[in-house]
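S.K.: Below you'll find the structure I mean.
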Amino acid sequence: VLSYQDISTGKLVAQRNTGLGNCNQMCQNPWNAVVCTGHNSGIVEMWSPGVKTFLVKMKCHMGPITGMAIDLLGRNMVTAGSDNVIKVWDLRTFKETNHYKVWEQVQDIKISQLATVGVAFPSNVQFFKGLLAHKKVQNPYMVHKTPGRKVRNISFCPWEDVVGIGFGNGFESIIIPGVGEPNIDFTLPNPLETTKQRTERPIKMLLDKLDPSTIMIDPNTVGVVMEAPKKQGDTFKRLVERQKRHEHKYASALPKAEKEDEDWDSEFDKDSDPEVGEMDKEKAAKKKKKKVKIKSIGKQKVNRNWAVLQKVKKDLYEQAEAKAAAIKEEKEKDRELDMDGMDRFFKSKRKADRARKKGQNM
């Protein structure tokens, strides 16, 4: 069971049943805050508190998931399984880009801020640069051996070139050059913060807190109005839409002509010259004739389209009725044939019974 709890209020936000048994691995996508769970069946599921079912379900390995990590940009995911295979996945297409066969079972996988992948084996820890690229990496960037101690997990220190290694009976920190981001992002908790900044950090975190329903695969879709999918209708629906377009086209031309007439009338009132007034009246008369012509053309086209629609509708109804009558006639013929066949069957059966009785009497 996967549970989401609000750490500021202590309330249970959501609880989801994965239905796949024990969860061996779990990590969070830093880009969209979606939680990924790895199970014994080799399946990776992605969850959001606002959705009751999984967002994505991927079959990654043939055995249990032993390691899983996602980079800071949320574009790539690295998984490892008990089948001794490391796979690199593109989370934009949810397809495999590379895979590597290893000779030991992977204990843990982590990705640094600069996309250096750390893979923990029982006897050593290997670091790879360029593992998330589409080209295959032949050799590791660095290898740290741990003779006599079994590695359990590893972790990269943010903003530093330090890696922590956890064993069954202790801890060790090593330096791996070039794995930490040198430029500090002050939108995140500041590692060099003062005492005052440390006390104000919880207030800032509460102000920046988002609603759990905003957690989704693509966070860029929050607040965006999605367009309805366009569906192709039948012939009758397309003709109706065409008629509406024609009506809108010619109806939109009428208000424009009426507005021009009003402008001309206002100019007639202002003009004092009778000759200018007569010229304006002639222009106004021409405009009115044009408006009447546009209106009549629009009505003619609408009426013609309506006649076409009625004809198409009538043809569709006639075709449907003819098809229904043909189907009914075929069913009646089949029923008559079935009745004839049953009659022949029973007649032959009665004859056989009579013949059998005669044979017994003799």
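Glycine residues also receive a Cβ, built from the backbone N, Cα and C atoms like all the rest.
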S.K.: Please find, within the list 2-29, 142-169, 198-225, 310-337, the residue stretch that TrEMBL describes as coiled coil.
M.R.: 310-337
S.K.: Pop the mean pLDDT for the coiled coil (310-337) in here, whole number is fine.
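M.R.: PLDDT averaged over the stretch: 80.
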S.K.: What does the DSSP secondary structure composition of the region 'Disordered' (338-362) look like, as residue counts for helix, strand and coil?
M.R.: 24 helix, 0 strand, 1 coil
S.K.: List the helix, strand and coil residue totals of the domain 'BING4 C-terminal' (140-219) as derived from DSSP.
M.R.: 17 helix, 21 strand, 42 coil
